[in-house]
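Data block below; observations after.
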Amino acid sequence: MAGQACSPCLRDGILAKSWFIYFNLSMVVVSFLLLVYYLPSRDVHHRSVYNNTLLLKSKKEPNGDVNKTGSHWHAYLERGVLGLNAALDHAWVEWSRPNVVLKSDMAAKGRAMELSDLVVFDGNLLSVDDRTGLIYKIIDNQIVPWVFLNDGPGNTTKAFKAEWMTVKDEFLYVGGLGKEWTTGSGQFVNEYPMWVKRVSINGEVVHLDWSTNYKMLRKLLGIEFPGYIIHESCHWSNSQQKWFFLPRRVSHEAYDENQDEYKGSNIVLMASENFSNVKAIEIGEKGDGVRGFSAFQFVPNTGDDVIVALKSEERDGRPIASYISVFRISDRSLLMKESRLEGAYKFEGLEFA
């Protein structure tokens, strides 16, 4: 999962850190979760479903000490439904039960299963652990290690702190925070989080230096180091031939671990394929800055114009709440205002399959 580890929360007797949300489209693409997607005629009543998708959310433990049971670490998946009406001007979400428990016995320094995102790649549902650097395949509700990612240019011994995943040109792209690694007081250490990993369907990894790309996005907002943008979500739009970023934090000031929790963003960043053209828009209200984007996904059959997104709120390193919203890029309209998700968890990861 993305972001800093938080203190433990208790739900149903299980300590938990955060969640993912997983959207399924099985009438169009049959998925192993057997969830449905269908398209009734467009002349149906306003509340009737045009796009209806079962959701799945997953939560992760705050750290390897509290989410460990015996020799296993845990993360969780949960289903739900995303609906859009025929006019594509109203959306709603409904959740279902039970949870799917994902277990692993692989850890780094006593921590594991801090999953950061979900994506379907080459017919497989994948997630990535930002503690161990492992990309996992989720098969029959089991988590199977696939590829290890190490930090920076790939010649390091430290695991890559992966925050987002997307698919472009039959490759999986995995990115980190997108800012310089600094101390808690903002002192420069390295640029390793500004590297991106390109993974082939055979698991071959190419390490890409994206520091110039990330800095182009910062420059658009008038930010120079030690100011920063923290990215936990990015997707390539094949329909629009653009990169989309929904930043978690945006700051014109140096990183401070105490003030960082108030740097939340309502900004959507868009970039051409080679980042030669970049654009920013605002969606909704920023408020007091405690909420920042943690994940998003394009809603299918909307030309990548409609986005479902997650925001989360933390205080003193503890998750306070997560929120889900649906909006349209072209006119910046909200199809569903930010709606609080149940529990004091940080939700991450959105996918349709």
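Positions of Cβ are set from backbone N, Cα and C atoms, glycine also.
Here is what TrEMBL records for this protein:
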| type | residues | note |
| --- | --- | --- |
| BINDING | Ser116, Asp117, Glu163, Glu232, Ser294, Glu348 | Ca(2+) binding site |
| TRANSMEM | 20-39 | transmembrane segment |
(message) Most Cβ neighbours within 10 Å: which of the binding-site residues Ser116, Ser294 is it?
(response) Ser294
(message) If you count other C-beta atoms within 10 angstroms, which of the binding-site residues Asp117, Glu163, Glu348 is the most crowded?
(response) Glu348
(message) When DSSP is mapped onto helix/strand/coil, what comes out for Ser116 (Ca(2+) binding site)?
(response) strand
